[in-house]
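One structure coming up, written as structure tokens, with questions to follow.
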Amino acid sequence: MEFETKNGHLIWDGCDTVALAEKFGTPLYVFSQTMIEEKCQELQRDFVEKYDKVRVAFASKAFSTLAMLKIIQQQGFSLDVVSDGELYTAIKADFPAEQIEMNGNNKSIEELEMAIDYGVGRIIVDSLQEVDLIAAIAKEKQKVVNILFRITPEVNVTTHSFISTGQKDSKFGIPIDEEILFPQIKKAIDTPEVNFLGFHFHVGSQLFDNQAHLAAVGIALDLVKMVKERYNYVIEELNFGGGFGVRYTDADQPKPFSYFTDPMMKVVLAFCEKESYPQPAVVIEPGRSIVAEAGISLHTIGAIKELPGLRKYVSIDGGMTDNIRPGLYQAEYTGVLANQADQPATETVTVSGKACESTDILVKDIQLPKVEAGDIFATFSTGAYGYSMANNYNKLAIPAVVLTKAGKAEVIVKRQSLDQIIQNEVIPDFLQ
Ligand code: LLP
């Protein structure tokens, strides 16, 4: 990993990370606005401005906070939400309703009502009951709702099986099946309360190869053709999901967005040309690739346990509660001692968290300078699915989040207090 240092300290977006740890405490998430914007600009330049009728919808599950949604809004991007909480965050950030797309494999009636009341731009239908549900709610509210069908394109992906979603045996999406998908399409076309726009897929996450996306685009276009032939209906929009891989360690070799988007667009445009079909709008839904590398986590090292000839554990003041990915997906990370960032590595240690769980190991066998209690460990690439999957196991508080921009740093999420951890707890009368 390349990184900047000054006076031996790790510098992040112009900020001294040791000073950030002192000022805001640890554990701390630090997000560089500059780096988030750089990713957005790459998307603007190589996708949005390069092609007609294309959009980017940030998958807010990767990192949903009011400040982050403001950055996304400033870019003119759309937003993908999957729950009442993510939608509520978008509403509170004044995110334009028509630029919101709602995904989710089991949206509740309340969530659908909330989305339709706010007037979200699209609802991505992901279950067989949903068209009827949406139509009933829309009828009552005298609205017409734009929908897409999330399909399972049945393509194989190379990623951790926990984050692959495009296969037939998946809780996500509707299988492309004569008895399953087509009656839904017919219903959507015939139902006046819904405006059937097209198809959506998301094949998986943290992908470095474009083959799965390309195969799925081909399958979606076959469907587009079939819908035209069978129902004389023109599909206006296709959403190709997210999933573009990022660098967690030097072993990861991420590709530019254009590695995925250029060939996908080429296939779409060639189809339109060949079939004399009007070009549908094309949407992509990246989450991780916009925020992962912009975020780091800072922890203070406490207990150090040396098992001679076996392993040296250095424990941090957080762990799987602020980054569950190693425990959940065997995800690998790397990092540095932020206060000795220019020192050569002299020992191999295992950075462990403080949760009561053996899988709470943040980085196994990392080379660091001599570690002492009080050192600050900075983990790279924790911007996606770190804060958003943080939890209160062991009643550890959810850390604060700081946003940096060229030397400035401000808290965008305050540290959870101990009172907040128990604020919803009640002792029933019969225990008094
Ligand atoms: N669109 C849909 C419909 C999705 O389900 C997802 C991710 C995305 C877009 C964004 O994918 P991305 O560009 O971030 O790869 N917690 C896991 C990742 C779960 C992803 C779920 N869906 C992790 O930490 O690796």
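Placed from the backbone N, Cα and C atoms, the Cβ positions cover glycine too.
TrEMBL does not curate its annotations; it predicts them automatically.
TrEMBL feature annotations, pasted as is:
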- 41-292: domain 'Orn/DAP/Arg decarboxylase 2 N-terminal' (DOMAIN)
- Lys61: N6-(pyridoxal phosphate)lysine (MOD_RES)
- Gly243, Glu285, Pro286, Gly287, Arg288, Tyr385: pyridoxal 5'-phosphate binding site (BINDING)
- Arg288, Arg325, Tyr329, Glu357, Tyr385: substrate binding site (BINDING)
- Cys356: active site, proton donor (ACT_SITE)
Near ligand 1, which of the recorded positions Pro286, Cys356, Glu357 are found, taking a Cβ distance under 6 A to any of its atoms?
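Near ligand 1, sequence order: Pro286.
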For Glu285 (pyridoxal 5'-phosphate binding site), which residues of its chain lie six or more apart in sequence with Cβ-Cβ distance below 8 Å?
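Listed in sequence order, they are Val56, Ala57, Phe58, Ala59, Asp80, Glu101, His202, Asn239, Phe240, Gly241, Gly242.
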Can you figure out which of Lys61, Arg325, Tyr329, Cys356 (the recorded positions) comes closest in space to Gly287 (pyridoxal 5'-phosphate binding site), comparing Cα atoms?
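Going through Lys61, Arg325, Tyr329, Cys356 one by one, the Cα closest to that of Gly287 (pyridoxal 5'-phosphate binding site) is Lys61.
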Based on Cα distances to Pro286 (pyridoxal 5'-phosphate binding site), point out the closest of the recorded positions Lys61, Arg325, Tyr329, Cys356.
Lys61
Among the binding-site residues Gly243, Pro286, Gly287, which residue has the fewest other Cβ atoms within 10 Å of its own Cβ?
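Counting other Cβ atoms within 10 Å of each of the binding-site residues Gly243, Pro286, Gly287, the minimum falls on Gly287.
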What subset of the recorded positions Lys61, Arg288, Cys356, Tyr385 lies within 10 angstroms of Arg325 (substrate binding site) at the C-alpha level?
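Of everything listed, what lies within 10 Å of Arg325 (substrate binding site) (Cα to Cα) is Tyr385.
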Which of these recorded positions is closest to Cys356 (active site, proton donor) if you go by CA atoms: Lys61, Gly243, Arg288, Tyr329, Tyr385?
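Comparing Cα positions, the candidate nearest Cys356 (active site, proton donor) turns out to be Tyr329.
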May I ask which of the recorded positions Lys61, Tyr329, Glu357 is closest to Arg288 (pyridoxal 5'-phosphate binding site) if we compare their C-alpha atoms?
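Considering only the listed recorded positions, the nearest one is Lys61.
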Could you measure the widest C-alpha to C-alpha distance across Arg288, Arg325, Tyr329, Glu357, Tyr385, the residues recorded as binding substrate, and give it to a whole number of angstrom?
26
